[in-house]
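These notes are about the structure you will find just below.
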Amino acid sequence: MPSPTFAQWAAAVSQRSNRSLAGSRLFPGAAKGFATSNTKGEPFNNSLQSTSETASHEALQAYAWGMTLAQTQEDADFDMSAPLEDITDAPNLTGEEAIGYAAEHMPVLTTLMQRFRREMDFSGIRIATCLILEPKTAVLLRELAAAGAVVGVFCEPDATDQRIADELKREGIAVEANASWNDEEAHQGALRLLDVLQPDIIIDDGGNLARLAIMERPDIASKLIGVAEETTSGIRAFQAMEDEQALPFPVIAVNNSAMKTGFDNAHGTGETCVTTIQRLLGPQTFDGSRVVVVGYGPVGEGFAKRIRSIGASVTICDSNPVAALRAVFDGFAAQDLDQCLPHADMIVSATGVRHTITVNHMRHMREGAVLAVIGGIANELALDELPSFDYHEGAVSTIHIPHGPNLVLLSQGDGVNYTAGGGNPIEIMDFSFAVQASAVAYLLRTRGHLEARLHRLPETCDRNIASVALELRGYSASQAATDNGYHWKLTRFADSREERGKTHTSQ
Ligand SMILES: NC(=O)c1ccc[n+]([C@@H]2O[C@H](COP(=O)([O-])OP(=O)(O)OC[C@H]3O[C@@H](n4cnc5c(N)ncnc54)[C@H](O)[C@@H]3O)[C@@H](O)[C@H]2O)c1
C-alpha cells in the first residue's frame, strides 16, 4: 500500500487520536526521504531537513501544522511510517480507558497540580464544574478530587459523553449529567448539583451555572469564593453583570489567559476544523480547492495556514483592514467577500459574528460550493432567513438558495469541529485546564481579598504553565540578564565612554 500523503495522515491521526499535532514531534519515516544530518554529516538539532524536493514539501507541511521533526522513532510523538490502524481509536475506548488515555497526554495539568498540592490545602473545598463532559474534563475533576476537593459536575445533555458520566459516578464524583435529559430535567440537574454540593468555587462554561445560582440560589451565590470562566461568551455575560453592578463574586477570566486563547483558537480550533472537514468531505478535499476564509483572527489564521499547506488556494476576507493586511503579509490574497464568492469552491466563516454570510452572499456562490462555519455563534450563516431550512439533516446536507444555487452545508451551519469532530485536542485542553487549575489556586490564595468583578490571572500563571509545557517537551525559555544596565540618560549621544560609564554608575 502506498504511504499516505501528509493530508491523509493528518486527517486520520487527528480525528482518531484526538491528539494535537501542533506542538508535537513527527518522525517522518525513512521512506519520506528526510535527512538526519547536514552535508558535513553533523546531526540536525531537533529538526530534520529534506533530501529531495518532495520531502522538503512534506517537511514544510509539517511545520505549517506546528510540528517539529524528530530524528528517531523513540524521540517522536508520532511516527508517520507506522500503520494508521495502530493509532488509538479514542472515541471507541471505554469510559475508564478514555480518561486514562487523556490523562497520559495531559502532563502539564498533572505536574502543576502536584506543585499546588505541595503549596496549598484543597481539602474540603467544594468545586462545582459546568464543562463539556468528556475524558479531558474528567482528568481535571479527578485531579481536583485527588487534591482533596469535593467535586461535582453538571453538563448539558448534548455535550455529555455518557461513558464518562457513568465512569465518574462510579468513582464517587457528583455527576448531574445525562445525554437523554430534556431541558427541564437538565435544569433540575443543575439546581440539584448546587443544592447538594453548596459550592465554594464554580468552574463555569458560558457563565451558565453561576448565573443560575444568582437567579435561583442567591444564598449559594452570595457565599461563593469566586468563579473561573472558560469561554468568551461567559466573559461577555459577566462583563454585562459587572457593568450593571450585579456581579456578587470575583470572576477569573480564564479565557483571556494567553495559555488558553493563544493555543486553543489558533491551534486546537484551526487544526480540528481542517481535519473534521476532511473527515466529512475526504482527506484530499482541500487539494486544488479554492477556499475563501472569512475572518482572519487566530481561528481563521490557524485554519488558512494549514489548508494552504495541503494544497488549497486561499483568499482571506476580513472587514478589518489591519487583519486583511496581516493576511497579505502572511502570503494570502485579501479581497472583499462579494468579489470572491462566484469563484470559491468553499466558503468558511471564522468571525464569530452573526450573519457574516447573508442569503444574498449565498445567492452569488457557485452551484455545489461548500459552506462551513469554524467560528461558532448562532446564525453566523443567515440560515434563519432561509424559509425552507430544516435543522435536522445531518453533517453534510444540500440546501437550496431561493433564486440561487444548491450549496453543500456542513454541520447545519454550527462550528464543524465541536458538532461533527472529536473536540479540542487533548494537549490543548491540557493547557486550558492548567489555566483552570491555576485560577482555582489563585481564588484560594486570594480568598476574601478579590473585588467582585472580572479579573485576569496574573501573567506569572501563564509563564509557569508555559515553562512546564516547554520542559516536558525537552525545550526551555531563554534566561535574560536580570540587570541590563539600562538608564534613560544612556543615549547614543553620550559624549564618551567615560561619560557613559558615569551615567551607568550613577544609577
Ligand atoms: N469552533 C471552535 O471550537 C472555536 C474555538 C475558539 C473560538 N471560536 C470562535 O471563533 C471565532 C473567531 O475567533 P478568533 O479568536 O479568530 O476571533 P477574532 O475576533 O480575533 O477574529 C475574528 C475576525 O473576523 C473579522 N470579522 C468580523 N466580522 C466580519 C465580517 N462580517 N466579515 C469579515 N470579517 C469579519 C474581524 O475583523 C476579526 O479579524 C470567535 O467567535 C470564537 O469565539 C470557536
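Each position is counted from 1, following the chain as shown.
Backbone N, Cα and C define each Cβ position, glycine as well.
Per TrEMBL, NAD(+) binding site is recorded for G297, P298, V299, G300, E301, G302, N417. For E301 (NAD(+) binding site), applying a Cβ distance below 8 Å and a minimum sequence separation of six or more within one chain yields A266, G270, A327, D330.
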Sorted by sequence, non-G297, P298, V299, G300, E301, G302, N417 residues with Cβ within 8 Å of centre, NAD(+): N265, A266, T269, G270, G295, Y296, F303, A304, A350, I374
Extent of the NAD(+) binding site in Å [max Cα distance among G297, P298, V299, G300, E301, G302, N417]: 17
Winner by Cβ contact number (other Cβ atoms within 10 Å) across the binding-site residues G297, P298, G300, G302: G300
Neighbourhood of ligand 1 - binding-site residues from G297, V299, E301, G302 with Cβ under 6 Å: G297, V299
Nonlocal residues around V299 (NAD(+) binding site), in sequence order (Cβ under 8 Å, 6 or more apart): N265, A266, T269, G270, C273, A350, G352, I374, G375
Under 8 Å by Cβ from N417 (NAD(+) binding site), same chain, sequence gap 6 or more: T269, T272, C273, T276, I374, G423, N424
